[in-house]
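The following features are taken from TrEMBL:
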COILED    186-213  coiled coil
COMPBIAS  30-43  compositional bias 'Basic and acidic residues'
COMPBIAS  170-184  compositional bias 'Basic and acidic residues'
DOMAIN    1-141  domain 'YEATS'
REGION    23-43  region 'Disordered'
REGION    146-185  region 'Disordered'
Amino acid sequence: MPAPAGTKRVRGVQIYRPFTYGSEAIPFDPENRPKDAPPDHTHRREVQVARHVRNSVRMIESPPFEVEEMGWGECEIAIKFYFAPESGEKPQQIWHGLKLHPYYGNVEQQKRDKSMISSVCYEEVLFDEPIEAFYGMLTGAEKEGKEGKAAIEAPPTTEIPARSSGSNKFSREEEAKESDRMGEAVKQVQQLVAEEKAKLVKKEARLQELEKTEGKPIKKK
């Protein structure tokens, strides 16, 4: 039995998209403290809002996906994100710990400088056998259709676009660039390993010379 229109999935395909989420907190001082800040509020933070804020739930529907608020105290923040209706995917939720105090590096210096506290995490969302229409959106596949109904021009494929575009930063071109960067890094590591091995050989040879002059038996490998 064929799948209902608009729900056919691309079998055997998985696509992931990376993203970052986090928070930034700036301690108040006499110079930058907002006039409307309550006496018990100590930081300006950006990301989501805690429960003690009057409106603790915010819906952000367009970039940048940020919320800026004033408050006090560290807390856990629930971030729930929704996908385009064409995806057929359920909403997903992640948790983020709001940081208000330095937690790495020169902590004492950061406290004295009242530095911004940044806490950022990397995550990936995986789409397993996505619906064809959503697959086309993810891969930038060309579409055509009548009366506003789009159709994928080419058969479904796991290939991503050849070049990046303003709406899609993932492409074979970017993959090739990243592969080149990794290749150069591997060459540098191999060169460093070869140099260290050469140094080791010289030191072992020098050690054998010293042991020979002192009459010690030379260890054979």
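Note: Cβ is positioned from N, Cα and C throughout, glycine not excepted.
These figures come from a predicted structure and were not determined experimentally.
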Secondary structure composition of the compositional bias 'Basic and acidic residues' (170-184) [DSSP: H/G/I, E/B, coil]: 13 helix, 0 strand, 2 coil
Model confidence over the coiled coil (186-213), averaged pLDDT: 92
